[in-house]
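Chemist: Submitted below is the structure of interest, expressed as structure tokens.
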Amino acid sequence: MTAPCPEDPSLERHFKGHRDAVTSVDFSLNTKQLASGSMDSCLMVWHMKPQSRAYRFAGHKDAVTCVNFSPSGHLLASGSRDKTVRIWVPNVKGESTVFRAHTATVRSVHFCSDGQSFVTASDDKTVKVWSTHRQKFLFSLSQHINWVRCAKFSPDGRLIVSASDDKTVKLWDKTSRECIHSYCEHGGFVTYVDFHPSGTCIAAAGMDNTVKVWDVRTHRLLQHYQLHSAAVNALSFHPSGNYLVTASSDSTLKILDLMEGRLLYTLHGHQGPATTVAFSRTGEYFASGGSDEQVMVWKSNFDVVDYGEVLRVQRPPAARVSSSGTLPEVDPLVPPGRGRSQESMQSQSQEPVSMPQSLTSTLEHIVGQLDVLTQVINWF
């Protein structure tokens with residue numbers, strides 16, 4: 001039986017309602033709602049069901065910089081330039097609780113996987129952890145020496161990663177509240193960071209136009225992508241862990257195959273900088289926002305067969321999507337016994353970068369031990 005043919009990502013929905021640049025997007029657990037924040041000081045909650053009216057939440061007194069649904073989807077957090085965090089009930093009433101969170105702009109908010117706490121990052125150079133239901137400040141992490149752009153919990157909730165304008169990414173132990181490691185390879189401000197769904201790796205985006213992937217146990221730099229021609233503003237892992245989507249000030253979104261270490265697609269949708277991007281919880285969709293005030297929802301389509309088969313399929317170019325056979329200079333995360341196909345080798349315009357034997361062994365060990373050493377979330 002012939003494997004189904006993957007298709008290019010397709011633009012499914014186009015939401016208009018913000019009156020200034022979109023700063024952040026996030027899907028609810030069941031993908032029925034999509035939240036977006038904007039420089040217009042409002043949140044919008046869009047309904048994926050056609051002909052449904054969106055909710056507009058007003059309450060922040062300045063730009064909304066970040067939004068994040070709780071794991072259950074029953075709460076929605078937002079951070080703002082007004083120095084507060086609000087926790088909303090995402091229904092027609094739009095009631096919210098205010099946290100006087102920081103002494104400067106709140107850049108990032110993210111719920112822990114159990115929903116019991118959330119983490120914030122701010123221009124006051126701190127990362128703070130809060131109790132969701134007790135509405136209480138718990139503790140602060142204060143080793144960054146410049147604005148902190150982003151902070152995220154690991155999937156198991158035991159680690160926190162933060163990205164800063166001090167050009168570092170810091171990994172923290174939530175229990176001891178100590179900094180485990182500082183990653184200093186970025187050549188500019190680090191704009192965004194997130195954990196791989198397995199919890200074993202982190203990816204960070206930077207103003208130096210790059211995306212870097214590190215192992216959080218060995219702290220080794222595993223992959224380095226330099227594909228965008230301007231700052232990378234956001235990124236999101238596909239729930240399978242095989243793909244990464246990035247949003248850049250060069251106005252494009254790019255989809256990377258992490259297992260093969262190659263660029264799959266470049267998407268042209270936004271007029272001006274693409275500021276934010278996020279996969280849905282199942283990976284069936286991803287949403288993007290830009291300085292053009294637009295929120296776009298894309299159907300992934302590409303994750304329909306084993307990624308080894310995807311490489312063997314010839315993809316026709318589409319009006320809004322371009323496929324790429326070029327290989328960035330990275331070390332591919334290839335599982336043991338699953339090398340590159342002859343077809344994919346022939347289609348690439350340059351040879352893959354050779355890896356030292358020690359790094360190859362490390363990568364194989366990482367992939368081979370994922371199930372043993374980490375609590376992998378079963379997304380499907």
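Using N, Cα and C of the backbone, Cβ positions are placed for all residues, glycine too.
What TrEMBL records for 342-357 is compositional bias 'Low complexity'. The region 'Disordered' annotation in TrEMBL covers 318-357. What TrEMBL lists as repeat 'WD' is 15-56, 57-88, 99-140, 141-182, 183-224, 225-266, 267-299.
Walk me through the surroundings of each of these features.
Modeler: For the repeat 'WD' (15-56), the residues of the chain that approach it from at least six positions outside its boundaries are 62-69, 71-73, 76, 78, 80, 88, 90-92, 94, 275-282, 284-285, 287-297, judged by C-beta separation under 8 angstroms.
Per DSSP, the secondary structure of the repeat 'WD' (57-88) breaks down as 0 helix, 18 strand, 14 coil.
Per-class residue totals from DSSP over the repeat 'WD' (99-140), listed helix then strand then coil: 0 helix, 24 strand, 18 coil.
Averaged over the repeat 'WD' (141-182), the predicted model has a pLDDT of 92.
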Chemist: Based on DSSP, tally up the residues of the repeat 'WD' (141-182) by helix, strand and coil.
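Modeler: Per-class counts: 0 helix, 22 strand, 20 coil.
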Chemist: Summarise the repeat 'WD' (225-266) by DSSP state, stating how many residues are helix, strand and coil.
Modeler: 0 helix, 24 strand, 18 coil
